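Going by TrEMBL, these are the annotated features:
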- CYS126: active site (ACT_SITE)
- HIS266: active site (ACT_SITE)
- ASN297: active site (ACT_SITE)
- 120-197: domain 'Beta-ketoacyl-[acyl-carrier-protein] synthase III N-terminal' (DOMAIN)
- 250-338: domain 'Beta-ketoacyl-[acyl-carrier-protein] synthase III C-terminal' (DOMAIN)
- 267-271: region 'ACP-binding' (REGION)
Amino acid sequence: MSKVLPVPLAIPVGAPHARIMGLGSYRPERVVPNSELVDAIDSSDEWIQQRTGIKERRWAGEHETVKFMAVEAARGALAAAGVTGEQIDAVVVATVSHLMQTPALAPMVAHEVGSTGAAFDVSAACAGFCHGVALASDMVRGGSARHVLVIGVERLTDILDVTDRGSAFIFSDGAGAAVVGPNDVPGISPTVWGSDGEKFDFITQTESWRDAIGTEDVAGSGVHPVLTMQGNAVFRWASFAMAKIAQETLDAAGIGIDDLDVFVPHQANMRIIDAMARTMKLPASVKVARDIATQGNTSAASVPMALHRMIEQGEARSGDLALLIAFGAGLSYAAQVVVVP
Ligand SMILES: CC(C)(COP(=O)(O)OP(=O)(O)OC[C@H]1O[C@@H](n2cnc3c(N)ncnc32)[C@H](O)[C@@H]1OP(=O)(O)O)[C@@H](O)C(=O)NCCC(=O)NCCS
């Protein structure tokens, strides 16, 4: 039995509901067409386009660090939301390519945008941004924050083996951000999320750095692992298991597939996007994010970047219902329906 306190503890008081108030993104300047990669992996532009739908991607230049890209995207989201950095009570950065074990990237980003709120990173790979939205929504409704800045940012080229035939053509760099804040009506549905850790080695990091430095002590060696992926196994899992999660998310949101306006799956591979849409029996009227064609797979940044582009191009309109679903290494996934700001 719990002890009776002399005075009851105050409880946090949150907003009735949460919503995404604004989005921003940053795309690196350098466009890298397939033709630039094919020699190193004995491939062709045709093969890459046919297997992935990727025509070109963006790779960051030296000055386009994870911090730089995250801050640029964050500034865009703050401006779109009409919220200042000082109003941000928490910054959540989803990333796997901030190559410093500590400190996290989030406090540096918070400082740059003028926030002294809580700041921490989330490591859920490609599913990281949707994890961040889930946390932000609960924080706003639970009373631990009024405005939360959620950022997905990756500089995957730092952990990419450009000679790996199985992954060199997929991954790229960029950042996307959203401000989540209070609302009178629901703007973010319950999140459906989970993991399948038995498949942790489907997408992981090579241990070749051990050979490179001849020791398990990687600290200070300047050598770090690179991404490696069992492409076929990931493809099958994503195409079918994630279509089921998409349906569960619509059920959790209390809407039918015909109510949906926009579908923003993680931009992993165009064939996975198409397979999911087919399995879900997505109506032709639903606009589907296809940012991958010119941006490649930016892991944690892919969902906010894709949604932001759809808003900029008028494909997603304010008030639309959008299903976000992200999945990747872990294996981890998270999905929610949001009202487009
Ligand atoms: C990576 C991926 C494009 C590879 O396609 P795939 O059809 O599975 O390719 P496979 O490895 O089975 O190889 C098929 C053939 O293509 C060849 N091949 C493999 N990589 C190649 C490349 N980069 N260029 C040209 N040919 C290639 C293989 O040698 C094989 O040839 P064969 O049939 O003569 O033996 C695909 O598996 C994929 O997109 N998976 C999902 C990855 C993903 O989305 N990851 C991110 C999740 S967050």
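Glycine is no exception: its Cβ is also placed from the backbone N, Cα and C atoms.
Under a cutoff of 8 A between CB atoms, and with a sequence separation of 6+ in the same chain, the neighbours of ASN297 (active site) are ILE54, CYS126, LEU156, ILE170, PHE171, SER172, HIS266, GLN267, ALA268, ASN269. Secondary structure of the domain 'Beta-ketoacyl-[acyl-carrier-protein] synthase III C-terminal' (250-338) per DSSP, as helix, strand and coil residue counts: 36 helix, 22 strand, 31 coil. Counting every protein chain shown, 32 other Cβ atoms lie within 10 Å of the Cβ of HIS266 (active site). Take the CB of CYS126 (active site) and look out to 10 A: across all protein chains shown you find 31 other CB atoms. The average pLDDT for the region 'ACP-binding' (267-271) in the predicted structure is 96.
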